[in-house]
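**Student:** Take this structure, written in C-alpha cells, and hold onto it; I'll ask about it next.
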Amino acid sequence: MSTLHPPRLAPIFAATPSAPGTPVHSIQTMRRKSAGHGGPLTKILVANRGEIAIRVFRTAHELAMHTVAIYSYEDRMSAHRQKADEAYRVGAGLTPVAAYLSQDDIIRIALEHGNAEFARKVEQAGIAFVGPSPEVIDSLGDKTKARTLALKVGVPVVPGTPGPVDSWSDADSFIKEYGFPVIIKAAMGGGGRGMRVVREESEFKSSFERAVSEAKSAFGDGTVFIERFLERPRHIEVQLLGDSQGNIVHLFERDCSVQRRHQKVVEVAPATHLPEEVRQAILADAIKLAKNVHYRNAGTAEFLVDQQGRHYFIEINPRIQVEHTITEEITGLDIVAAQIQIAAGATLPQLGLTQDAITKRGFAIQCRVTTEDAAASFQPDTGKIEVYRSAGGNGVRLDASSGFAGAQITPHYDSLLVKVSVSGTTYEVARRKMLRALVEFRIRGVKTNIPFLFRLLTHDVFIGGKTWTTFIDDTPELFKLVQTQNRAQKLLAYLGDLAVNGSSIKGQSGEPGLKDEIVIPTFQNREDPNGPPLDTSLPCEFGWRNIIVEKGPEAFAKAVREYPGTLIMDTTWRDAHQSLLATRLRTIDIANIAKETSWALANAYSLECWGGATFDVAMRFLYEDPWERLRTIRRLVPNIPLQALVRGANGVGYTSYPDNAIYDFSKKAVENGLDIFRVFDSLNYIGIFLQMKLGIDAAKKAGGVVEAVVCYSGDVAGKNETKYTLEYYLDFVDQIVAEGIHVLGVKDMAGLLKPEAAKLLIGSIRAKYPDLPIHVHSHDTAGISTASMIAAAAAGADVVDLAIDSMSGLTSQPPMGAVTLALEQTGLGTGIRYADIQALNLYWTQVRMLYSCFEANVRASDSSVFAHEMPGGQYTNLMFQASQLGLGTQWTEVKKKYIEANELCGNIIKVTPSSKVVGDFAQWMTQNTLSKAEVLERADQLDFPSSVVEFFQGYLGQPVGGFPEPLRSKIIRNKPRIDGRPGAGLPPLDFKKIKAELRSKFGKHVTDADVTSYVMYPKVFEEYQGFLQKYGDLSVIPTRYFLGRPDVGEELHISIEKGKTLIIRLMAVGPVVEGRAQRDVWFEVNGEVRAVSVEDKNSAVETVSRERATSDPGSVGAPMSGVVVEVRVKEGQEIKKGDPLCSTTMADSRLQMESAVTAPVSGHIKRVVVQEGDSITQGDLTIEIVH
C-alpha cells in the first residue's frame, strides 16, 4: 500500500478539470465534506489485489482519500478494479502472479507481501509507504533474521538451524542433534508456501528440494531454514500497531490453529482456553520484539504454544493479515485506518490508541470461504459463478472479492472468495452465528469449502475450542461431507437444455398435447350426495390391504375367494400406460391422483403400479427412482394392495441373477410397500429347474402375496390347437399350485383369450381348485377382451384386470366403466361406483392428452393379433422401434415376419423377455429380407441378433417342447448350451461390497435399494446417477415442463419440497458463442436473474476437450488441476516405475504446491500429451506408457 502525491506523478493522477464556473459535485468532494477534513494524504495506491485491496479502499474512502488500483490482464474483470476510483494495468507481458510482483514501475506496482527493496523505491520516489520502514522489513521479512533477533532479546524460539540452509546435506548436524520430525520453512515465506514437514530421513532430500522450488516460485528467493517440528501445537498470533515515535501497542491475540498445510482456515479472537499467564507472556514478548526493531505501522507477531503451555516465537509478519477482521470485531478498531493515519504522521496517543484504552469485547470467528473441493484434497475449482447469494444480519461481516454472479474464477490466483467474520458475546454464540451465516450462502457454478466448514464448526474439538495446527490432518471424519443439493441450478440446467435442444426423452414425438395444468376432479360425498364434495385431502384408510397387514396373505386369499362379486385390478398405473404410452408415465402424474384413487377404488383387489418395464424405464428414460415411486404410492394409497409384475428368477430384469439377488429384491420390495407379486416366467418353464419356483419362494419369504401366473398363448378352445391345450394348462397349474401359492394368475399378454376359451379354461381350473382365487389378465388388441373378462367372471374368476376408460382399449386392458356396469347386471358387482370411475376418467383423459407425444399410431382394433400373437405392450413398442429402424412403412411385413420368427423359435410363449427375442428376430429378418426357409437353410452362416443367440443357448430357460433342432445347433455353433435354470450356478453377490463401491463412485446417498437397482440394471443405474449429478432430481417438475420447451416469458411454478416453490421465468436464449457450441440461457428464479450455459447439440461448432486418462496403468492422468511447469521425458524414452515424468503446480498461488507426476509402471514413453505451460484439470492425460 502506498500513497501517491509527488509532483512528477500529478499529471497521471490529476482529476479531470471541469468547465470554468461549474460547481463540482463529485464523489470525492462529497467524501471530503462528509469526513470534515482534507487530510495530509489525498490519494492511495493499493499494491495488492482481491478482498484485501477492497478492504483498504473502503477505509480510504472513509478517510476522504482518492483510491488507485492495479490489476493484471487476468484480473481485468475483478471486483477490486471496480471498487477503486482509478485502476491501471500492471505487468504487461508477465505471468499472472509475476504481474503483481513487478517492481519495474513503482506507480503500477503490485505486491502481495511487502519487502525492503520495494519500500525503499516507494519512499525514494516521494511516495509515503503505508507499512513498516524498509529497515524493519529487511530485519523481519527474513525468518532467519527474525529468529536471530528473538534470541538476542530473550524471546524463546523453536530449536532450529542458526541461519539459512543452502543444501539438504548442510542440515545433517542439526538433524543428528534434534532428530525427526523437522519442518523446512522458506525464509521469505508465508501462507504455508515453501513449508514441508518431514518425519523420516528417506523423505528429507526430496522435501527439501521441493520446498526450495516452491520458495523460488512464490517469492523469488529459495532460501530456507529448518526447525524442530512441534507435535500438535497451537498457533497464537498478536496484532501489533506502532508509530514513528516508538509507541507500540497490542490489540490482543488470535488463535489461528485451524490450518491446512500451514494455511489458516478458521481464526478465533481472543484465543479460548489459553492460560492467562501464557497469554500475558506472549503479549509481552510481542511488544518486546516490536520495540526492539522500532516497529512502525501494523504487524503480526506469531507464536507456537506446545502441549505444556510453552510458547515459541515464529516470525513477525510486517503487514496486515487476512484475519485482522476478527481483531477489529473484538476491539472496535479500524486497523487499516490506523495504518494510513500512522503513515501520515499521526502518533498512537493522538489516535487514542494507548494500551490501557484498548479493550476487547466478546469473541469473533473468521472463516475463509474458498473455491476448493475438500472432498478432492482441497483442489481449487475454476469456472463461472452462476449464483451468488451471501449471508448478512446482526454480527456478520463479509469481506469479498469475486463474490458475485458472473465472476470468473481462474486458476491464476488464490481461491479465496469471501471472508466471513462473525462476533458474539461468547465463543459459542459466535460459533452458532457462523453456522447460520454459512447456511445462508448459495454459491453455484464452482465448488466451495462450505460443506467442510460445516463439519469443522460442528466437530466436538472445535466446539470445545481446543484445536491444534494439525487438527484437520489428524481428523479424517472432517471429510465426511454433507454436500449441498444445488437443486435450483441443476433444474435450470435441464430447463435450459430443453429450451435450446428440446426434449431428449427417447420415444417422444413433438410437444406435449396439453400445456395447461391438469384439473383434479372432485368426488361425490358418499354420506351426503347433495352436500360438499368428498374430502380427499387425506387418503382412505379402509381397503383389502388391511387384511394383508392384519392377518397375512393366506387370510387375504381366502377373503378374496369368499367375495360374492368380481374384484378388479386397475392397470392404469402400469400395464395400461406401458401398452399405450411406451411406459413413459411419470410418478408425479400418478401421485397427483393417488389420494383420490384410494377413495374411488377402495374396493379394488389391487393397483398394478410396479415391476415389468416400469422399473428400468423409470431410470432409463424418466430419470426417476423406481423405489421412490413405490414408496410414494404406498404413502398416498395405504389401503389398496399394490401389485408388481415379476419375471420369476429374473426379478424385474431381463437376464439371470444369483439366487440371493432375487431374495434381496423381493425383501426390499415388501419393505418399500409392495403387497402382491405376480410371478411369471416368459416361457412357462416347467421342470426340476422351474424358473418360477425361485421367484415364488422369494416372494413368499419376503411376506408378500404370491400370485403365480400361467402365461396364455394359442387357443385353448380351438379345434386345431395341438400345443397349448387345456391339458397342458391344467398340468401347468397343478405344478404351480404345488408350490403353495396364494392366488393363480392367468396372463393373456396378447389378447388371444376369446370368451368361449375363457369359459373353458377358467371353468376347468375352478372345478379342479374350488378354493383357489383366480385372477385373469388380457389385452384388448382385437377388441374382444371386454366380452372375455365378463365370460371369465361368470366362469369363476375372482379378479379381472381393467383400466380407466381413457387409458383402456386397443393394446391396453378393457374399459373399467363398461365392464363394471356389465358385471353389476350379472350379480357379480365390483363394489366400485360408476360415478367415481367417471371422475377418475376426467383426470386420465387430460393425462392421455398430455402424453400424446408418446402415442403409437394405433387407431383401431387389430384382429390379426390372433395370427401373430404379439403381446399388447410389445405391439406399440415394436411399431415404434420399426419406425426408428426405417421399417415403419413395412409394418405389415414386420407382423408377418413375427409369425415366422415365432415358428422358428418353436412357437413359444411370448412375454418379455421372450417376446423381445421374437421381435428382434422379426425385425432382423425384415431388414435382411430373409424368409423362414432362407433362415433354416443359411442359419450356420448368418449373424443373428444377440438376443436370439442367447435364447437358443438357453439363457431364458427351456421353451415348451424344447428347442427346434438342428436350427439351435446352427445358431449357437460353438457357444455353450444351458440346459438347466440359467442362474442356478451363479455365485452369490456381496451387497455390502457393491454398496461401498457405488458410494465411492456416486456418493453417500446410495441406499440399499439403489444397490438392488444396480444389480438388476448396472449400466442403466450408472447412467441414471450421472444424469442426477448433472440435473438433480427432476421428478418434482410437472410433466408439461419436463417434456415441453418453455416459452420466453412463461412462468413456471415448481415445488421442490414442502413449502419451497421455485418461480422460474425464461427470459432469453442467447446466440451460439463464437467458436463453441454453447448458448447462454437466462432465467429469473424467484426474482433473481440466473444464467446457465448449454451445449447446442444442433450447432455445427465442434467442441474440443482434452483427452482423459483411462484405467490403464500406463495412461497417466494429472493428479490435480494446475499448470505444467516441467516435462522430464521424451517419446520413446525407457523409464522405470517411480521415475519423474513431469511436474505440475496447483492452481492456487497461496499454496503454490508443486507436484511431481511419476511413472506408475516401467516401460517406454509412447506419447507426451502435455507441454510446459499447459493448463490441465485433474484426470487429464499427460503421458502414455507402453508397459
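Using N, Cα and C of the backbone, Cβ positions are placed for all residues, glycine too.
Per TrEMBL, the feature active site maps to ARG319. Under the heading ATP binding site, TrEMBL lists LYS143, GLU227, HIS262. Sequence annotations record features per position, and here TrEMBL assigns Mn(2+) binding site to ASP575, LYS747, HIS777, HIS779. Feature annotation from TrEMBL assigns substrate binding site to ARG647, THR912. Look at TrEMBL and you will find 40-477 tagged as domain 'Biotin carboxylation'. The domain 'ATP-grasp' annotation in TrEMBL covers 147-344. Per TrEMBL, the feature domain 'Pyruvate carboxyltransferase' maps to 566-838. For 1107-1186, the entry in TrEMBL reads domain 'Lipoyl-binding'.
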**Student:** On a C-alpha basis, identify the one among LYS143, GLU227, HIS262, ARG319, ARG647 that is nearest to LYS747 (Mn(2+) binding site); the candidates are the recorded positions.
**Tutor:** ARG647
**Student:** What's the number of neighbouring CB atoms sitting within 10 A of the CB on GLU227 (ATP binding site)?
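**Tutor:** Result for GLU227 (ATP binding site): 21 other Cβ atoms within 10 Å.
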**Student:** Between the binding-site residues LYS143, GLU227, ASP575, HIS779, which lies closest to ARG319 (active site), Cα to Cα?
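**Tutor:** For ARG319 (active site), the spatially nearest of the binding-site residues is LYS143.
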**Student:** What Cα-Cα separation, expressed in whole Å, is found between HIS262 (ATP binding site) and ARG647 (substrate binding site)?
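**Tutor:** Each residue's Cα considered, HIS262 (ATP binding site) and ARG647 (substrate binding site) end up 59 Å apart.
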**Student:** Out of LYS143, GLU227, ARG647, THR912, which of these binding-site residues is nearest HIS779 (Mn(2+) binding site) by C-alpha distance?
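**Tutor:** Result for HIS779 (Mn(2+) binding site): the nearest of the binding-site residues is THR912.
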**Student:** Return the residues near ASP575 (Mn(2+) binding site), defined as same-chain residues 6+ apart in sequence whose C-beta is under 8 angstroms from its C-beta, sorted by sequence, else 'none'.
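**Tutor:** The list for ASP575 (Mn(2+) binding site) reads GLU608, GLY612, LEU645, HIS777, ASP801, ALA803, SER812, GLN813, GLY872, GLY873, given in order along the sequence.
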**Student:** Restricting to the domain 'Lipoyl-binding' (1107-1186), report the mean pLDDT as a whole number.
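**Tutor:** 79, rounded to a whole number.
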**Student:** Out of LYS143, HIS262, ARG647, HIS777, HIS779, which of the binding-site residues is least crowded by other Cβ atoms within 10 Å?
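**Tutor:** It is HIS262 that, of the binding-site residues LYS143, HIS262, ARG647, HIS777, HIS779, has the fewest other Cβ atoms within 10 Å.
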**Student:** Determine how many residues of the domain 'Lipoyl-binding' (1107-1186) DSSP places in helix, in strand and in coil.
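**Tutor:** Summed by class, the stretch gives 0 helix, 39 strand, 41 coil.
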**Student:** Other residues near the Mn(2+) site, CB within 8 A of the CB centroid of ASP575, LYS747, HIS777, HIS779?
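**Tutor:** Checked against the 8 Å cutoff, the neighbours are THR571, ASP748, MET749, SER778, ASP801, GLN813, GLY872.
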**Student:** Could you give the Cα-Cα distance between GLU227 (ATP binding site) and ARG647 (substrate binding site), in whole Å?
**Tutor:** 70
**Student:** Can you tell me how far the Cα of ARG647 (substrate binding site) sits from the Cα of LYS143 (ATP binding site), in Å?
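**Tutor:** It is 74 Å, counting Cα to Cα.
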